[in-house]
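Engineer: Supplied in structure tokens, the structure appears directly below.
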């Protein structure tokens, strides 16, 4: 009986030891500050991925922070070959309107998420709803593997109440993709990525696990703190190391700083060639040339494009608001 008890205790110790996880933070490979630049029509964005210092980070093509009111906006424009993820930040003063050439219309309120997969082709418009209350948020472009670039367009729209949230002390996580603090995202992703919005309301230390094979970066929306041991502040872009021995990233705020908002994103590299011309992203030059021809002539997914114009794009030219 004593031998059985001893064996059981040893077994429990082995299990407990195997379940214990050593946390080792990824390190900062590069950091820079995102600078405001013109985009769309009369709009300004702060670009992190897509910046001259970080053109792409497979599978990510672009991340913009936008803060735009009418008459500025992003009127009628096409997409093919990748996904756009539009997240209106919870503190956004205003809403963002959307309309496409398939007849879809919608309005994002603060905290809402739209995950759009244009696939073989979409022509759409994104405009703020007001001249006085700007739409403030983030738009991410995620590349698609070659096998999915010509898939049918689809949307996932999640209202703010539908985005999973978790809180540990002074740290709150809003789960856009992947998992954080035991909460799983509400969206389906065509390719493995994680996308978490962290809100620090006071001094705190939080370790966020990341898949070891993913490329990863962080962007600071507001406040200040430390990411991967580096002091950061509003609009800092932080590229993180990829090392099988590093299983996440350490996020910190101090008594002096206290608050910080940041997003941490990671993605499995697709490792395929990229040929890009503005809003078209394909894998070969021939595919890219065909895409331009398809859009110009209304073919292969762009049949509704010739002659189409959105109603909301007209808001930039009138005093009307919705």
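Cβ atoms here come from the backbone N, Cα and C positions, even for glycine.
Annotations for this protein, taken from TrEMBL, read as follows:
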type	residues	note
BINDING	77, 79, 124, 126	Fe cation binding site
DOMAIN	44-142	domain 'Pirin N-terminal'
DOMAIN	202-299	domain 'Pirin C-terminal'
SIGNAL	1-20	signal peptide
Engineer: Within 8 Å of the Cβ centroid of the Fe cation site residues 77, 79, 124, 126, which other residues of the same chain have their Cβ?
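Structural biologist: After dropping the recorded site residues, what remains is 74, 76, 78, 84, 100, 118, 122, 123, 125, 279.
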Engineer: Let me check the 10 A CB neighbour count of residue 124 (Fe cation binding site). How many other CB atoms are there?
Structural biologist: 25
Engineer: Looking only at the domain 'Pirin N-terminal' (44-142), report the model's average pLDDT.
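Structural biologist: Here the mean pLDDT over the domain 'Pirin N-terminal' (44-142) amounts to 97.
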Engineer: Look at the binding-site residues 77, 79 and tell me which residue has the greatest number of other C-beta atoms within 10 angstroms of its C-beta.
Structural biologist: 79
